[in-house]
């Protein structure tokens, strides 16, 4: 299957949450998510108990490789751009990957309305947009309110991981994450990654440009 074989499920003016062709669509500027989110869970996750999630999945190379590596874990790929969702979907279909689900929408909307408490065993954010200009920083993913959502969604002892090429973004994210999660690494709580992180398109892009890759992990402590 080619990416363009995945058709949009609705026109913008008719937007609504739906599951179609293995993709959960959670549109922005829609105000009745709660009416759908109570019923989708069984259809989409089918009683899987070991669940991991990647945010900012891009073209899907990394998450597809993870799903192939461990078929006992259900992976969720969250990506807001439909052109990229199409590419993830095409890889999922062509490789016949049964343990991968795709969410087309923002991470914030998906977590607020569709992710239950203590649901995830692992959450990975790969190369999120750092929004480097000061006036744009309100658009960053790892805002304090979303870090709280992350903590809520993780099981006790679950791991959160972040990979980025932007050191300023890394350090500010570490500060935000410490309000709800505990670092797994010693000070300064991150490492520089010299080896390939896992065939991410963005990782390959930044390495070809000579960028350093930074990686950090946090853990959800019991009772938080």
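Start at 1 and count along the chain as shown; that gives each residue its number.
Backbone N, Cα and C atoms are what each Cβ position is placed from, and that goes for glycine too.
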Further binder of S-adenosyl-L-methionine named by Swiss-Prot next to 79, 129, taken from the candidates 43, 54, 172: 54
Other CB atoms within 10 A, centred on residue 54 (S-adenosyl-L-methionine binding site): 26
Env. residues of S-adenosyl-L-methionine site, Cβ within 8 Å of mean position of 54, 79, 129 Cβ: 55, 56, 57, 58, 78, 80, 84, 107, 125, 126, 127, 128
Neighbouring C-beta atoms (10 Å sphere around the C-beta of residue 129 (active site)): 13
Farthest-apart CA atoms of 54, 79, 129, residues recorded for S-adenosyl-L-methionine, distance in Å: 14
Rounded inter-Cα distance in Å - residue 79 (S-adenosyl-L-methionine binding site), residue 129 (active site): 12
Between residue 129 (active site) and residue 165 (substrate binding site), the C-alpha gap once rounded to whole angstrom: 10
